[in-house]
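Record features, source TrEMBL:
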- A:1-23: region 'Disordered' (REGION)
- A:9-23: compositional bias 'Low complexity' (COMPBIAS)
- A:35-57: transmembrane segment (TRANSMEM)
- A:63-82: transmembrane segment (TRANSMEM)
- A:89-105: transmembrane segment (TRANSMEM)
- A:125-144: transmembrane segment (TRANSMEM)
- A:151-176: transmembrane segment (TRANSMEM)
- A:196-214: transmembrane segment (TRANSMEM)
- A:244-265: transmembrane segment (TRANSMEM)
- A:285-310: transmembrane segment (TRANSMEM)
- A:322-344: transmembrane segment (TRANSMEM)
Amino acid sequence: MAAIDPHSTARPPAALAPTATAPTGHAARGGHASIIVVLLLALAPLVASAAGADYLVALTTRIAIWGLAAASLQMLIGAAGLPSLGHGAFVGIGAYAVGVAFHHAQGMDGALGFLAGGGADDLLVTLPVAALAAALIALPIGAISLRTSGAYFIMITLAFSQMLYFVTVAFADYGGEDGLSLWSRNTAAGLDTGDAIVFHYICLGLLALWLALAHRIAGSRYGLVLAAARDDDRRLRALGRSPYGLRLAAFMAAAAVAGVAGALNANLIGFVSPTPLAWTTSGELMVMVVLGGAATPAGAVIGAAILVVLEEMLGRWTEHWAAILGPMLVLAAIFNRGGVLGSLSRIGGRLRGGGRR
Amino acid sequence: MFALLIEQVLNGLQLGVMLFMIAAGLTLVFGVMGVLNLAHGALYMVGAFAAAFIAAETGSVVLGILVAMPVAALAGLLIERLVIARLYARDHLDQVLATFGIVLFANEMMRILFGPRPLFLNVPDFAAGTLEILPGVPYPVWRLVIILVGLVVAGGLALLIERSRLGMLIRAGAQNRRMVAALGVDIGRLYAVLFALGGLLAGLAGAVAGPVLAVQVGMGEPVLILAFVVIVIGGIGSVRGAFTGALVVGLADTLGRAYLPELARAVLPPAAADQIGAALASMTIYLLMALVLAIRPKGVFGGRD
């Protein structure tokens, strides 16, 4: 195929393209893992509804949605080395975009009415609005937070998300602490979003889209410079490139994707409240990424699946599930280095001949 | 008008010294050990619950507060030995994962032990009632006691750090912890002592705040985040920074909540003013933090990160 293209000689051969030589080969392995993860999430609800376990459909939808949010955070933590502990805020902003738009679509009044116009209740409108709102709010927060690094960055992003939490609590027009109810799911260009399986595939489709995009970004020039800044900030500066703008773009993009996840989650649970903006959601998102393996987007989705399933299972077993989940997270932090995917690849390496690592 | 201002300033000071007691431990642990400890707020909660429990059992609030300190110090020591000691060499993500797990566990344990309803802690008899600090300006005695305790703790901590051998090691550790270890100091023991000291201070803060707030599950996290703001403003690892930052945050938060809604009503249409004023009031300290960081990304007294 390359021979047919007259320009191909001017380009580097495919073997030298960034994706093929991506550092440590994680990108390639992660790519396979992403495909497997998406396939499993695509099959699970069919099996579940065939077996008559309809509640499992909602569970896999939750995994797809939180997997999307966690995978967006993975771009910050794993690919760019920016450990944001305030990512839940953008999930919350996305949810409020849906809630506020729906509220006004029902002809009700509110302080943000001038922004929401007539309101909207179709995903084709609300999802881009959610993404845009999250990205716009991420702009000033990122612009300030990215002046710092490391633990400062963790604490500052956490502080700003807490600020947004209190802001949403203060807005009584939109339910304040109690939040807003969505009486019906957003429509989506005539699709029956009320059908659990249809809605699942909408969420899964968006997750698959982001995973594909995330792998493209990681292998692109932009992704490589971002990774270079993660690994050695000073050397990059010495080469005359400042990573600030690149990082800000990544911060806004990740926020936009988290906003989409929040909009989907609001539709899934039919409810919008300040809860996702509370610091625990940000903590859980970070836990998902680290638990599954921060090196690849697929790891984040696996982490999300583990946490969602664990909470569900432990929650059915005892109301004090957090007393069990907590120590499990501690053990994971101590023993499960590199997350589930990291441990798996270590085991795989050992099985293949032990020489590696 | 003037009386109200005095009252708000004192409230701000009271919040400030309380935040200092929490932030000092957090910033020492971070500055010396490089550990980001989300569970520090849990030690504050443990202190408050211990004080409320002992006070209810014995009828003595003072005894409750005295017991709360060693209990929280012990909890800190336990966390350090069991979990944190294994994570010193690891990056902040693993520390966040582990200490987040501890927070979930600690909150749930308190709920199992003491039930879901908040506990109440009375003001000790000697500090009940109010004191006329200026003619016509009464102020609760207990809040004055908190301010006093906070200032004594700040003075004691300054002495400890500037004048004692332990303080010298802490300062040296904050500068270069590898060098301190290389000079033959038992760095493991220093870490354990620091963690216990941080726990003690956080527990004391929780115990003295008990009579002002409700003692409840999850009370540690909002305070933890405020303490983060404090040490980000002050500069990580600096006790002086923590003190300055805590007073500034305490005053800004209290005065913002008292006056920004009024200000909003003066300039905005009444329908929107209440909500925007309330939102602005809760944003005050974060805007302050943003301002400080825009000028000094490592905080006012900050050096390393």
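A Cβ is built for glycine as well, from the same backbone N, Cα and C atoms used for every other residue.
No curator has checked TrEMBL annotations; they are predicted automatically.
Quick caveat, the model's predicted, so the values are computed rather than measured.
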The transmembrane segment (A:196-214) vs the transmembrane segment (A:89-105): 3 or more CB pairs under 8 Å: no
Selection from A:35-57, A:89-105, A:244-265, A:285-310, the stretch that has most Cβ pairs under 8 A to the transmembrane segment (A:322-344): A:285-310
For the transmembrane segment (A:89-105), distant same-chain residues with Cβ under 8 A (at least six beyond the ends): 69, 112-113, 115-121, 125-126, 129-131, 133-134, 137-138, 160-161, 164-165, 168, 174, 179-180, 182, 186, 254-256, 258-263, 265-267, 272, 274-277, 281-282, 285
Segment-segment contact (the transmembrane segment (A:125-144); the transmembrane segment (A:63-82)) at 3 or more Cβ pairs under 8 Å: no
Residues of the parent chain within Cβ reach of the transmembrane segment (A:35-57), under 8 Å, 6 or more residues beyond its termini: 63-64, 67, 196-197, 200-201, 204, 207-208, 211, 298, 301-302, 305
Positions on the same chain near the transmembrane segment (A:285-310), where near means CB under 8 A and six or more residues out: 24, 26-27, 29-31, 33-34, 36-37, 59, 62-63, 66-67, 69-71, 73-75, 77-78, 83-85, 87-88, 91, 207, 210-211, 214-215, 325, 328-329, 332-333, 336, 338-342
Contact set, same chain, for the transmembrane segment (A:244-265): CB under 8 Å, 6 or more residues outside the stretch: 62, 65-66, 68-69, 71-73, 75-76, 79-80, 82, 84, 87, 90-98, 123, 126-127, 130-135, 137-139, 141-143, 145-146, 186, 202-203, 206, 210, 222, 225-226, 229, 276
